[in-house]
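Worksheet: the structure to be examined is printed underneath.
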Amino acid sequence: MRTDKEIFVSVDVETSGPIPGKYSMLSIGACVAFEPSKQFSCYLKPISEDFIPAAMEVTGLSLEKLHVDGLDPVDAMVQFKEWINSVVKEDETVVFVGFNASFDWSFINYYFHVYLGDNPFGIAALDIKSMYFGVSHASWRLTRSSEIAKVVKPETYGDHDALHDARYQAELFRLIDKLSEKKKLDR
């Protein structure tokens, strides 16, 4: 994979429900995919009192606690944008990487546009499930993270903590990239 001018940033969010605006983004975790020690995380104040009980249960987060301890969404997005700018040089392109990227990107995109007016990731995201689907030629059913892990054998795991999950996704991304390189050599 060419990475000389592209900085792949693994991003994970935890939310109170399935769509931005009606539901809140509760936390952001991110790391540079090929340098995961370069990382960012924050908790956000809810923008809505709406929630799906199962979404809250899986995160272990509380809207009440986040009203007190979370960052104002403007501050959170400013900090996230500043972090992104700190890991990307002027001649480099930042690429959003996610597992089910369409979900995480929709919240990040919404919050960046509503609170800052633009999204430093632009209009596209690289989806790890789709990347694996293309590399492995597996069925879509076999692109779940638990199924991918059986093949690529990551050392980390996801646990619905946004930063932990971003680091896990970054590891899956690197391992799938390595698998892709191996398949090229096998041809």
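A Cβ is built for glycine as well, from the same backbone N, Cα and C atoms used for every other residue.
Note that the coordinates shown come from a computational prediction; the quantities given were computed from them, not determined experimentally.
Sequence annotations record features per position, and here Swiss-Prot assigns active site, proton donor/acceptor to HIS160. Positions annotated as Mg(2+) 1 binding site by Swiss-Prot: ASP12. The Mg(2+) 2 binding site annotation in Swiss-Prot covers ASP12, MET25, HIS160, ASP165, and the record cites similarity to another entry as its basis. What Swiss-Prot lists as domain 'Exonuclease' is 9-173.
Known features from Swiss-Prot, placed on the structure.
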residue: ASP12; record: Mg(2+) 1 binding site; CB count, 10 Å: 29
residue: MET25; record: Mg(2+) 2 binding site; CB count, 10 Å: 25
residue: HIS160; record: active site, proton donor/acceptor; CB count, 10 Å: 15
residue: ASP165; record: Mg(2+) 2 binding site; CB count, 10 Å: 25
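ASP12 (Mg(2+) 1 binding site) and ASP165 (Mg(2+) 2 binding site) are 6 Å apart (CA-CA, integer value). Cα spacing between MET25 (Mg(2+) 2 binding site) and ASP12 (Mg(2+) 1 binding site): 10 Å, rounded to the nearest whole number. Note: the Cα of HIS160 (active site, proton donor/acceptor) and the Cα of ASP12 (Mg(2+) 1 binding site) are spaced 9 Å from each other. In the three-state DSSP scheme, ASP165 (Mg(2+) 2 binding site) is classed as helix.
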